[in-house]
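J.: The structure that follows is given in the form of structure tokens.
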Amino acid sequence: MQVSIEDIIENLDLEVLVKGKDGIKLGLSDINRPGLQFAGFYDYFGNERVQVIGKAEWSFLNAMPPEIREKRIRKYFQFETPCIVLARGLKPQKELLDCSKEYNRWLLRSKAQTTRFINKIMNYLDDKLAPETRIHGVLVDIYGLGILITGESGIGKSETALELIKRGHRLVADDAVDIKEIESVLVGKSPYITSGMLEVRGMGIIDVPALYGLSSVLSEKNINLVIYLEQWKEGRDYDRLGTDDEHIKILNIPVRKMTLPIRPGRNVAVIIEAAAANYRYNLSSKISPVDTINKRIEESTNYD
């Protein structure tokens, strides 16, 4: 994944002071503040990163005699950089402006404070450069947890999601879930075209926020638990104690997985709701229901 300089300019509302080379792409979300480089130190210089000049670097350059400033800036421009951004609406020094034109480098300006701009551009690049995949399923926010419901086509994922929405939970995505890995966290969202829509077989597509209100949908959600729905298979040894530790890898990130068998008479939505509540409980509790039962058995045995 790569992001063009033109995309950054458009999405971050940057002013172009000097237009650089066409076709420059960014593959890193990190930034570099070139204060050390202006001081003459070039070891470990991240020249492949976006260069951000804040008030500190700008003031340092301003304090230099003109001949020293030109020498330092010219040495800095010997290294290829994707773009230079002046934060806080700062006015570029003449030497910086002249070298940007001479070396055909992008020189941009942001009105935002330096720290805020850095956070903004890093979040933007993290999102755009994050590894991504699309999974067939339904993503629902239940008790603040992102529950990804998967399973065979026609198993009842969307119908289950509809029941969960009626119970006050929120839909993130139906049918197709776009998932990105950002700093080892999986974030799921709906493709733009199907955002807020839910397909129910025999009924068609329904507009969830139109029927249930804007609070019934969410734009994106971290994925905490995967629940796989399958038809009940006789003879299969399903987990009855909650001790199975099954995981699935999405974008090489392990996620807790539960397999939920479906058969007539089971209220799947209620079971998933309980599974989410139990998962949240287990995150904070050191004592599982199995431990409690074992303790009671031990107490009963000692009493006898």
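Yeah, the Cβs are placed from backbone N, Cα and C, and that goes for glycine too.
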J.: Scan 231-236, 261-266 against Swiss-Prot and say which stretch is down as region 'Important for the catalytic mechanism of dephosphorylation'.
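T.: Going through 231-236, 261-266 one by one, Swiss-Prot gives region 'Important for the catalytic mechanism of dephosphorylation' for 261-266.
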J.: Who are the long-range neighbours of the region 'Important for the catalytic mechanism of dephosphorylation' (261-266) in its own chain, taking Cβ under 8 Å and residues 6 or more past its ends?
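T.: Counting only partners 6 or more residues beyond its ends, the region 'Important for the catalytic mechanism of dephosphorylation' (261-266) has Cβ contacts under 8 Å with 155-156, 229-233, 236, 238.
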J.: Measure from the Cα of GLY151 (ATP binding site) to the Cα of every one of the recorded positions HIS136, ASP175, GLU199, then give the nearest.
T.: HIS136
J.: Between the Cα atoms of LYS157 (active site) and ASP175 (active site, proton acceptor), what distance do you get, rounded to the nearest Å?
T.: 9
J.: Give me the mean pLDDT over the region 'Important for the catalytic mechanism of dephosphorylation' (261-266), rounded to a whole number.
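T.: Residues in the region 'Important for the catalytic mechanism of dephosphorylation' (261-266) carry a mean pLDDT of 81 in this prediction.
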J.: Counting by DSSP, what is the helix, strand and coil composition of the region 'Important for the catalytic mechanism of dephosphorylation' (261-266)?
T.: 0 helix, 2 strand, 4 coil
J.: Which residue, out of the recorded positions GLU152, ASP175, GLU199, shows the minimum number of other Cβ atoms inside 10 Å of its Cβ in this structure?
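T.: Sparsest of the recorded positions GLU152, ASP175, GLU199 by Cβ contacts within 10 Å: GLU152.
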